[in-house]
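Colleague: From TrEMBL, here are the annotated features:
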BINDING   G188, G189, P190, G191, T192, G193, K194, T195  ATP binding site
DOMAIN    167-533  domain 'UvrD-like helicase ATP-binding'
Amino acid sequence: MTGSEIGIEQEYVADLYARVDAMRGVAAARLAARRAEGDREAVAVWQAEVARLDAVEEGLCFGRLDMHDGRRVYIGRLGLFRDEGDEPLLVDWRVPVAQVFYTATATAPHGVRRRRRITLRGRTVVAVNDELLDLNTAGDGGLVGEAALLASVTADRTGRMHDVVATLQAEQDQIIRYETSGVLVVQGGPGTGKTAVALHRVAYLLYTRPHLRTRGVLVVGPSQIFLDYIGQVLPGLGENSVVTATIADLVPGVEARRAEPSEAAELKGRAVMAERLAAAVRSRVRIPDEPVEVEFEQQALRLDQRVCGLAVQKARRTGLPHNQARLAFQQEIVDVLAGRLVEDMEAVVLTDTGEAIDGGSADGSLGESDLRALAAAGVVLGHDDHGGPRVLLDETDRAGLRDSLLADAGVQAVLDEVWPPLTPEQVVSDLLGEPADDWSAADIPLLDEAASLIGQGNDRAVFGHVVVDEAQELSEMDWRMLMRRCPTRSMTIVGDLAQTGNPAGTSSWDRVLRPHVQDRWQLIQLTVNYRTPAEIMAATADLLAAHHPTTPPPRSVRSTGETPWRIRTTHADLVVVIADLAATHTDGQLAIITPSVHIRPLAAALSLTSRPDLTDKVVLLTTDQVKGLEFDSVLIADPATILSATPLGHNDLYVAMTRATRSLGIVHPGPPPAELSTMRELHP
Ligand SMILES: Nc1ncnc2c1ncn2[C@@H]1O[C@H](COP(=O)(O)OP(=O)(O)OP(=O)(O)O)[C@@H](O)[C@H]1O
């Protein structure tokens, strides 16, 4: 590319930055003014605008389309216009016009003559690369802008994912812009860009469906480490309003600290637990076997089973959750009790000072002297059936009576015996026979289910769109909880059924989704692996064939010429061998992936803390923690234990083996697992 082309683009790009700077100046001034006025709503708006403008600084403009009709369209991170006009200087990548930047090919050019990629370092144009679509042949493997793509996927990893808006591929772009109001499932092998696609789709949806900004978007990921890893992608795309959470974070105030044995986790994850919880809550309502005496203001009231049963039935018919229906039940009973008291009272009249006025007959009729006393006491009089005077308690009096009954500790105790108030913790702990203060991740959806049965947590946030990453890990109970957070069932779900590690996770999208959305879900597959070189994928072939014989491996976009290797050692030497390999490692960032039994000794040998920092040169992680992450190089310690640790250990090993962008080594104490035996063995 000629220097003059770079010069031309430099001039154009400088103009774009000048415009953004001017917009920043305006936004900062408005923000300061609104702050001074104390207008909090407007402050939030302008803060978001300042953040949006800051986010576009890096790589503001990354492409140009020269169309056959002579138009020239610059593509970038936001739309910019010339002063006083609507002629676009820069087109936001999310608008329809920009789509052809990602999808045009020589065989389907969509009016594009030339696609230019502009590479910036800071505000300086360092390269421009052109593709002439009318001269190109289609034999490019389907990749768009291959050079820029390869530069991006081979660059050193930093422990933080970055956006790939400049190099999105056509199959990814199709998913990002996919129009559906239901559930979109993206299934794809390791490194196919599922996370990247999901996050860019969020940015796209927020741009094209502005109502989602107020209704909220939730991104669910498998671990806090993963959420940290992806944490910069959406802000980099100018989106700061998205909520990210792990499944366990969805129940506020409860921390999942306890590790759960896989068999128990599997059982707790089954949908049948919802029925068991519902039955447990239902069974807490107990109609007494015989009439119960209730004492109120020194009067003995009788609560018989029939009255109780009718009140329970009526309360259940409200369809309200347990604790709310309990109030309906109480109201019913108190109405009956109050009715009886009224009957009694009409026979014995009280003054407002609480003294009984004598002389009232059993049918409530009164003598002359009583009437005078009552009038003095301010009691309202009506007439009985024969026209005689009679004491009537008006509605206020009756309501007061019902309130007094409800507030009475003795009455409450009797009512609570029948229909007790419940907490989710109590229900789950009673059902499981486990303590109510030490929860595991598998308990969280049970607590949430119990809360919804009881009627607690109705104030929990719900979202207009929910994205689930590593969605294969969610149990049936997790799905129930998530669906409660997304009443519209507008979702983007990405995952890989060959990577399921959670024994309660899924091996079928249909099985987990159908109960919630019937057939309102669509599946799109991703097939190209942008992360893992062909050599590493070849090393996983036996493992994949043994456990997922019908799953085709994704096709790697590149090969490195570097063959993965394995080293045999002993159990006693494992830590030392790994530590030596880590000490001599020079090829970028290294992740050591190990079963949790080796974490402590390895952390000690490598002088690492137990909480991994993904930006370290060497990172030590368990198979659980490594989901969704990637590194330049990966060293796996003790694959046999990974395979045997859980029923889905083979999937965990597959995940571990597919994390590297460059090199993979495996250290196995004793003979290698059969699935790895054909890997090249090193004899150091
Ligand atoms: N179009 C693209 N341009 C540049 N890099 C890309 C592109 N698509 C994906 N990548 C990169 O490939 C890597 C793998 O992507 P990502 O993590 O989204 O894959 P994944 O399918 O979620 O993987 P896994 O299931 O193994 O966790 C990331 O570094 C991502 O940035």
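Along the chain as shown, the residues are counted starting at 1.
The backbone N, Cα and C atoms fix where each Cβ goes, glycine too.
What TrEMBL says about a protein is an automatic prediction, not a curated fact.
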Colleague: At a 10 A cut-off on CB-CB distances, which of the binding-site residues G189, P190 has the highest count?
Modeller: G189
Colleague: If we count other C-beta atoms within 10 Å, could you say which of the binding-site residues G191, G193 has the fewest?
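Modeller: Across G191, G193, these binding-site residues, the one with fewest Cβ atoms within 10 Å is G193.
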Colleague: Can you check what DSSP calls G189 (ATP binding site), collapsed to helix, strand or coil?
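Modeller: Coil, per DSSP.
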Colleague: List, in residue order, those binding-site residues out of G189, G191, T192, T195 with a Cβ under 6 Å from any atom belonging to ligand 1.
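Modeller: Only G191, T192, T195 qualify.
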Colleague: So for K194 (ATP binding site), how many other CB atoms are inside 10 Å of its CB?
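Modeller: Around K194 (ATP binding site), other Cβ atoms within 10 Å: 25.
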Colleague: When you average the Cβ positions of G188, G189, P190, G191, T192, G193, K194, T195 for the ATP site, which other residues in that chain have a Cβ within 8 Å of that mean position?
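Modeller: My list of surrounding residues reads D496, L526, N529, Y530, R531, P554.
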Colleague: Using DSSP and three states only, what is T195 (ATP binding site)?
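Modeller: Helix, per DSSP.
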Colleague: Over the domain 'UvrD-like helicase ATP-binding' (167-533), work out the mean pLDDT and round it to an integer.
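Modeller: Mean model confidence (pLDDT) across the domain 'UvrD-like helicase ATP-binding' (167-533) is 87.
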Colleague: Around T192 (ATP binding site), how many other CB atoms lie within 10 A of its CB?
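Modeller: Excluding its own Cβ, T192 (ATP binding site) sees 26 Cβ atoms within 10 Å.
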